[in-house]
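Participant: This is the structure I have questions about; it appears just below.
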Amino acid sequence: MKELGDLTHLFVCTFLFYLSNCMVFPAITDVILEALCPGEDQCSLAIYLTGLQRAIIGLGALVVTPLVGNLSDKFGRKALLCIPVTSAIAPTVILAYSRSTVYFYAAYVFQIFAGIFCEGSMECLSLAYVADKVGERRRASYFGALSGIGTAGIVFGTIAARFLDTSSIFQVSAVLKVITAIHLKTFLPESDAGVSVSEESARPLCSSSSNSETAPTLLAFRTIPSFSDMANLLTSSATLSRVAIITFFFCLGESGLLAALLFFLKVHFQFNKNQFADLLLTTSTAGTISQLTLMPFLAQRLGEEKLLIVGLLAYCAQIFLYSIAWSYWVPYFCASLAILTVFISPSIRSMVSRKVGSTEQGLAQGCITGIGLLAGIIAPIAFTPLTAWFLSNEAPFDFKGFSILCAGFSMLAAFAVSITMWTKSSLAR
């Protein structure tokens with residue numbers, strides 16, 4: 001109960017952050033198309049600009065996130081959490097004022113800078129904050145609860161988007177983002193980073209509770225971690241190395257899906273703001289229920305490795321079904337599989353957290369987030385031209401979901417590595 005009390009304000013900030021950010025998501029596709037290609041459902045310029053923005057954000061966040069995570073180990077989580085929370089305000093305020101072409105491009109530029117600090121830093125710092133407060137044995141459940149709170153924010157944000165008009169969506173989102181920043185600054189207590197409240201004593205970097213791996217000795221990290229530092233961290237443990245590979249392929253597949261899905265549904269089924277909201281509501285509701293009820297129960301009984309396998313298998317099925325969707329109800333069925341796919345991220349984060357000492361949680365989570373962001377750079381470069389090509393009239397064959405299918409093969413690779421990791425771990429025991 002003490003742990004829950006310490007985390008209450010973090011949960012409130014997380015809820016408000018995702019509520020304010022995700023309530024604009026169902027409307028953003030229509031806003032982009034209206035600003036760039038008025039009256040058209042298919043717009044290659046919109047697809048390419050969205051892909052370019054994702055790639056730039058991913059590249060910047062790849063550098064910034066491990067740095068922010070490492071700085072939080074030294075200067076505290078709260079101070080660094082203020083960065084993503086406040087940087088997200090400006091682009092929403094611009095679109096709340098006007099969504100004309102000129103203002104859209106201004107918001108587009110500000111969103112790039114905001115995305116660099118928000119894309120991975122909020123998740124990384126929040127997880128490190130939880131790790132500071134919660135003992136090692138209960139982190140998987142609390143990580144799942146944190147994800148569930150964030151998903152609950154998505155649910156309520158989606159409901160709001162479903163009933164608000166486009167102008168009101170951005171205005172309400174801007175106000176909520178300001179409230180989030182004020183609440184974080186005023187009420188969130190510092191976590192005393194590096195002093196974890198756990199049943200176990202602090203262990204050296206990458207020490208393992210298992211005897212199968214010997215804890216390596218690494219030099220203390222500098223304030224700005226180099227790629228060599230991060231490589232040493234990730235290669236110091238076989239488990240961390242495999243988790244890094246899984247993270248890369250998982251995020252590559254997920255980013256590939258996100259790069260294509262909204263435009264695919266717009267062209268293939270003529271989805272609008274309300275249908276996007278319904279789809280997101282299905283996903284977030286299933287995810288929230290699973291993370292707050294099902295995952296804490298299963299995490300204690302199955303362990304992170306088996307949960308990861310289940311989640312990746314469900315995600316493979318989801319992506320392949322999206323790619324061949326033959327009726328309007330298929331995307332909704334795919335979205336409901338989030339009840340299983342939400343196991344992936346908390347399982348990965350918990351496995352990483354268990355392999356590092358209490359003073360390196362920020363850096364470790366930042367490294368894993370950075371790997372995901374690297375995949376997020378590659379995915380738009382690879383999948384955006386493919387999506388634009390197969391959604392156009394010049395496609396070599398009629399398969400509008402072909403780029404989504406290709407993203408599925410990356411997810412399948414992550415699933416294969418997770419099976420290998422679980423097999424070797426079982427044999428070692």
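Placement of Cβ uses the backbone N, Cα and C atoms for every residue, glycine included.
In TrEMBL, annotation is done automatically, which means it is predicted and not curated.
Below are the features I grabbed from TrEMBL:
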DOMAIN    6-425  domain 'Major facilitator superfamily (MFS) profile'
TRANSMEM  7-33  transmembrane segment
TRANSMEM  45-67  transmembrane segment
TRANSMEM  79-97  transmembrane segment
TRANSMEM  103-130  transmembrane segment
TRANSMEM  142-164  transmembrane segment
TRANSMEM  243-265  transmembrane segment
TRANSMEM  307-324  transmembrane segment
TRANSMEM  330-348  transmembrane segment
TRANSMEM  368-390  transmembrane segment
TRANSMEM  402-423  transmembrane segment
Participant: List, by number or range, the same-chain residues at least 6 past the transmembrane segment (243-265) whose CB is under 8 A from its CB atoms?
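Facilitator: Sequence-remote neighbours of the transmembrane segment (243-265) are 29, 42, 46-47, 50-51, 54, 58, 234, 271, 275-276, 279, 308, 312, 315, 319, 322, 331, 344, 348, 351-352, 367-368, 371-376, 378-380, 382-384, 386-387, 391, 400-401, 403-404, 406-414, 417-418, 421.
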Participant: Where, among 7-33, 45-67, 368-390, do we find the most CB pairs under 8 A to the transmembrane segment (142-164)?
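Facilitator: Going through each listed stretch, the top one turns out to be 7-33.
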Participant: The transmembrane segment (307-324) and the transmembrane segment (7-33): do they have three or more Cβ pairs under 8 Å, with pairs 6 or more apart in sequence?
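Facilitator: As far as Cβ distances go (cut-off 8 Å, pairs 6 or more apart), the transmembrane segment (7-33) and the transmembrane segment (307-324) do not touch.
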